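Engineer: Got a structure for you, written out below as structure tokens; questions coming shortly.
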Amino acid sequence: MNPNQKIITIGSICMVVGIISLILQIGNIVSIWISHSIQTGNQNHTGTCDQSIITYKNSTWVNQTYVNISNTNVVAGKDTTSVILAGNSSLCPIRGWAIYSKDNGVRIGSKGDVFVIREPFISCSHLECKTFFLTQGALLNDKHSNGTVKDRSPYRALMSCPVGEAPSPYNSRFESVAWSASACHDGMGWLTIGISGPDDGAVAVLKYNGIITETIKSWRKEILRTQESECVCVNGSCFTIMTDGPSGGPASYKIFKIEKGKVTKSIELDAPNSHYEECSCYPDTSKVMCVCRDNWHGSNRPWVSFDQNLDYQMGYICSGVFGDNPRPKDGKGSCGPVNVDGADGVKGFSYRYGNGGWIGRTKSNSSRKGFEMIWDPNGWTDPDSNFLVKQDIVAMTDWSGYSGSFVQHPELTGLDCMRPCFWVELIRGRPKENTIWTSGSSISFCGVNSDTVDWSWPDDAELPLNIDK
């Protein structure tokens, strides 16, 4: 083959290779375009699954439930139409209490990122229930958890997370800077109340759907404080009780009526011989019933009931089955404060049914240990100590703490009555245990008209944690 033939042959081969390469590149471009078109077409579509609509979108949703599967957000669509929670139903008839949630926060926090918290509570809208809690601006098993036995600090905040989940930075939502708080839903939006500031000049910041709408300044300049449980909404108005003044003597107590985050009316209770703190409130046939803590001189619990005009009645639970802690042994009750072991106290609750009531209380008379529910059919009005039902919730040997009421509205449950529920705080750490921190987990129960069981659902985390050693 002469040189010219070699050149022609090599050139022909190069041309063929170039043409093949060009064809491959064109095919690759077409393939990429087709693949992109398919992905784009599938990015936003709906499909029917058991008559429920499942929507897949690469976008952020509000008021939806997310289920995380293989890092893909599957959004289960549901009716988010606003309604006004009427609050005009009576309490559901019940035979006992069924376990609703348990978050095991301290146990999980020994290894995972879980907030140091206290004062957890639950509140429900017509769509969902949420756990609210006061953080200490710190995580369990971390150096910043040191000294969190302190109640009031600028690091505390009201946050929320799904019921039954351990409160962590990954599932929690900031609500308000607060060392005392309340929250509730009127069917259209969340009202949050967060109190923060110095003891002699604290301010309550009211938010409606996350926007500041009102502030309330301490009027007695002596630790303004509120419920540490849910406020109550009836027919578009929400109600809360605040206390300002001594914790061991007569103080000032005010009821506030709030609409869309704005205070529309308030009154001060005329209660010179009573003490109302950390009230647990619930709606019942368009009225509001609150059962509170007497930290001054009562080992039974004070109550106040009021209508939407803030006309009120008040008294003490008469039963000789005493609900506070510390308290004397059960005996003869009183429709006024029972002074024996009446100083100090713990947040608690009861539900009234006619002349009777369900009384929630610690099992121990002198320490925050154990928890039980007692049905006293005449306890609201009769001072004897007879009761018919006792249901064990936490054993005497295990720590408990604050407790409070919350309800599930008919708009959520589909029932024709208001379902009564309660939560119990399970405090761990200081001052009773050898740790540098104070925190807790929580459990909750709802009333049912069917079979229930006695058992113990304790926190049961093994202490001390690594940070304490």
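Every residue gets a Cβ built from N, Cα and C, even glycine.
What Swiss-Prot shows for this protein is this:
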- ARG118, ARG152, GLU277, GLU278, ARG293, ARG368: substrate binding site (BINDING)
- CYS92-CYS417: disulfide bond (DISULFID)
- CYS124-CYS129: disulfide bond (DISULFID)
- CYS184-CYS231: disulfide bond (DISULFID)
- CYS233-CYS238: disulfide bond (DISULFID)
- CYS279-CYS292: disulfide bond (DISULFID)
- CYS281-CYS290: disulfide bond (DISULFID)
- CYS318-CYS335: disulfide bond (DISULFID)
- CYS421-CYS446: disulfide bond (DISULFID)
- ASN44: N-linked glycosylation site (CARBOHYD)
- ASN58: N-linked glycosylation site (CARBOHYD)
- ASN63: N-linked glycosylation site (CARBOHYD)
- ASN68: N-linked glycosylation site (CARBOHYD)
- ASN88: N-linked glycosylation site (CARBOHYD)
- ASN146: N-linked glycosylation site (CARBOHYD)
- ASN235: N-linked glycosylation site (CARBOHYD)
- ASN365: N-linked glycosylation site (CARBOHYD)
- 1-6: topological domain 'Intravirion' (TOPO_DOM)
- 7-27: transmembrane segment (TRANSMEM)
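For the listed features, I'd like the structural context: burial, neighbours, distances.
Structural biologist: Within its own chain, ARG118 (substrate binding site) has PHE133, LEU134, GLN136, ASP151, TYR402, GLU425, ILE427, THR438, SER439, GLY440 as residues 6 or more apart in sequence whose C-beta sits under 8 angstroms from its own. According to DSSP, ARG118 (substrate binding site) is assigned to a strand segment.
According to DSSP, CYS92 (disulfide bond) is assigned to coil rather than to any helix or strand.
A strand conformation is recorded for CYS129 (disulfide bond) in the three-state DSSP classification.
For CYS184 (disulfide bond), the same-chain residues 6+ apart in sequence whose C-beta sits under 8 angstroms from its C-beta are SER123, TRP190, LEU191, GLU230, CYS231, VAL232, CYS233, CYS238, THR240. According to DSSP, CYS184 (disulfide bond) sits within a strand segment.
Annotation note: CYS233 (disulfide bond) sits in a strand segment as assigned by DSSP.
For CYS292 (disulfide bond), applying a Cβ distance below 8 Å and a minimum sequence separation of six or more within one chain yields ILE241, HIS275, TYR276, GLU277, GLU278, CYS279, SER280, ARG301, PRO302, TRP303, VAL304.
Secondary structure at CYS290 (disulfide bond), as computed by DSSP, is strand. Non-local contacts of CYS290 (disulfide bond) by the CB criterion (under 8 A, 6+ apart in sequence, same chain) comprise ILE241, TYR276, CYS279, SER280, CYS281, TRP303, VAL304, SER305.
On its own chain, CYS318 (disulfide bond) has ASN300, GLY333, SER334, CYS335, GLY379, TRP380, THR381, ASP382, PRO383 as residues at least 6 apart in sequence with a Cβ closer than 8 Å to its own Cβ.
Neighbours of CYS446 (disulfide bond), defined as other CB atoms within 10 A of its CB across all chains, total 21. DSSP assigns CYS446 (disulfide bond) to a strand in the three-state reduction.
In this view, ASN88 (N-linked glycosylation site) is surrounded by 14 other Cβ atoms within 10 Å of its Cβ, with every protein chain counted.
In the three-state DSSP scheme, ASN146 (N-linked glycosylation site) falls into the coil class.
Counting only residues at least six positions away in the same chain, the Cβ atoms of ILE84, LEU85, ALA86, GLY87, ASN88, SER286, GLN308 sit under 8 Å from the Cβ of ASN235 (N-linked glycosylation site).
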Engineer: Per the record, substrate is bound by ARG118, ARG152, GLU277, GLU278, ARG293, ARG368: how many Å separate the farthest pair of Cα atoms?
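Structural biologist: Binding-site diameter by Cα atoms for substrate: 21 Å.
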Engineer: Using all protein chains in view, find how many other C-beta atoms are within 10 Å of the C-beta of ARG152 (substrate binding site).
Structural biologist: 16
Engineer: For the disulfide-bonded residues CYS233, CYS281, CYS417, CYS421, work out the Cβ neighbour count at 10 Å and name the residue with the minimum.
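Structural biologist: Output over disulfide-bonded residues CYS233, CYS281, CYS417, CYS421: least Cβ neighbours within 10 Å is CYS417.
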Engineer: Nearest to CYS124 (disulfide bond) by Cα, among ARG152, ARG293, ARG368 (binding-site residues)?
Structural biologist: ARG293
Engineer: Reduce the DSSP letter at CYS238 (disulfide bond) to three states and note it down.
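Structural biologist: Looking at the DSSP assignment, CYS238 (disulfide bond) belongs to a strand.
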Engineer: Within 10 Å of each Cβ, count the other Cβ atoms, then let me know which of the disulfide-bonded residues CYS92, CYS231 comes out lowest.
Structural biologist: CYS92
Engineer: Looking only at C-alpha atoms, tell me how far CYS417 (disulfide bond) is from ARG293 (substrate binding site), rounded to the nearest Å.
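Structural biologist: Each residue's Cα considered, CYS417 (disulfide bond) and ARG293 (substrate binding site) end up 27 Å apart.
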